[in-house]
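Chemist: Here you go, one structure.
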Amino acid sequence: MADQYAQTREDNRPAGTPAIRWEEPPEGPVVVLLDQTRLPAEEVELVCTDAPALVEAIRSLAVRGAPLLGIAGAYGVALAAARGFDVDDAAAALSGARPTAVNLSVGVHRAQSAYQSALAKTGDARLAASAALAAARQLHQEDARASARMAEHGLALLDELLPGGGHRVLTHCNTGSLVSGGEGTAFAVALAAHRAGRLRRLWVDETRPLLQGARLTAYEAARNDLAYTLLTDNAAGSLFAAGEVDAVLVGADRIAADGSVANKVGSYPLAVLARYHHVPFIVVAPVTTVDPATPDGAAIEVEQRPGYEVTEFITPQVPVTGAGGGLPIAPLGTQAYNPAFDVTPPELVTAIVTEEGAVSPVTAKGLAELCGRSRQATSG
Ligand SMILES: CSC[C@H]1O[C@H](OP(=O)(O)O)[C@H](O)[C@@H]1O
């Protein structure tokens, strides 16, 4: 498997560098990914030469975050087509790499359908490969535009809910440019508040066990000069109790038709705390994260990840002897419960913000109307 990682190279990543890009060097097309497992200590790029390499990168969270998974899945299909591999096999492998973020299968399907319809029309595999790449690029651009519009709608909602500015926002996991074709989802709202001079504090949950908050959100907050403070996940309750949180902003990996929200594990307890302390709990996600085919929260498949992510402290800078290559922090043989996500019921969600606007309260009807506008527009 390691062979498919053609090479990695050190980079100091200028602001605005995308977390994923397509390149066409003389030796053949590649998908270049910023390896998020190496951040924040190292900015290392992975050069993927085929779909198995992308599947591995998705499974290891080298590339992660619902919208970016969709973009990566689409580029993976385009890569298979461009290099003459079986497109349907690649699509199946990419879609199955992680189960919860619906964006992944949406992105794969977009590129695969483009390939199949172009092949049926022209009989030319090269033209079909170009169609798959065009679909991936279109999804990438759409997501960048969606990110900007979510930031606008999200900031307007914060200002409406919290008159007087100086928002103190708590966020969980990582939802910035590392999960997006643009500046992200929930983090993009915090960034917009910062640029408007209305972000007083960004409270950053470290987000055990893979520390997307401590490693990635802190990295993005620092790069954007936000006033941020890192906290352990179990310290969030005391912040609410101290009246230090004005709003919670989180992303989503899948939103069911009834408005149930699957997001990084630890999001549901934040929603309960927010409700108890009368703090808005706002979910920010593109329409591609809303899945009308999933009726409710119980129907969402929550990814269960390896126990060693809990029983070991894993960082590539300290390769140690644990099963996961980390530093064992629990006795050998300790069993661990490690769901990657949890599900928040719609009644605990103050609002869902997409590129089409906000829905509050969260109802199946309101969500369908909000998403319908966008789906009509993209279906033409
Ligand atoms: C807005 S997508 C970001 C979303 O994805 C994260 O999960 P993971 O790091 O496992 O890909 C987390 O749920 C974030 O909210």
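Positions of Cβ are set from backbone N, Cα and C atoms, glycine also.
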Chemist: Among Q212, Q317, Q335, which residue does TrEMBL name as a further substrate binder in the site formed by R64, G65, A66, R98, N263, K264?
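Modeler: That substrate site, as TrEMBL gives it, pairs R64, G65, A66, R98, N263, K264 with Q212.
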Chemist: With the ranges 1-23, 162-184 to choose from, which does TrEMBL describe as region 'Disordered'?
Modeler: 1-23
Chemist: Got a sec? Which of A66, R98, C173, K264, the recorded positions, have CB under 6 Å of any ligand 1 atom?
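Modeler: Result: A66, C173, K264.
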Chemist: According to DSSP, does G65 (substrate binding site) sit in a helix, a strand, or coil?
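Modeler: DSSP assigns G65 (substrate binding site) to coil.
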Chemist: Cβ within 8 Å of the substrate site centroid (R64, G65, A66, R98, Q212, N263, K264 excluded): which residues?
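Modeler: Once R64, G65, A66, R98, Q212, N263, K264 are set aside, the remaining close residues are L69, A101, C173, N174, V179, G251, D253, A340, F341.
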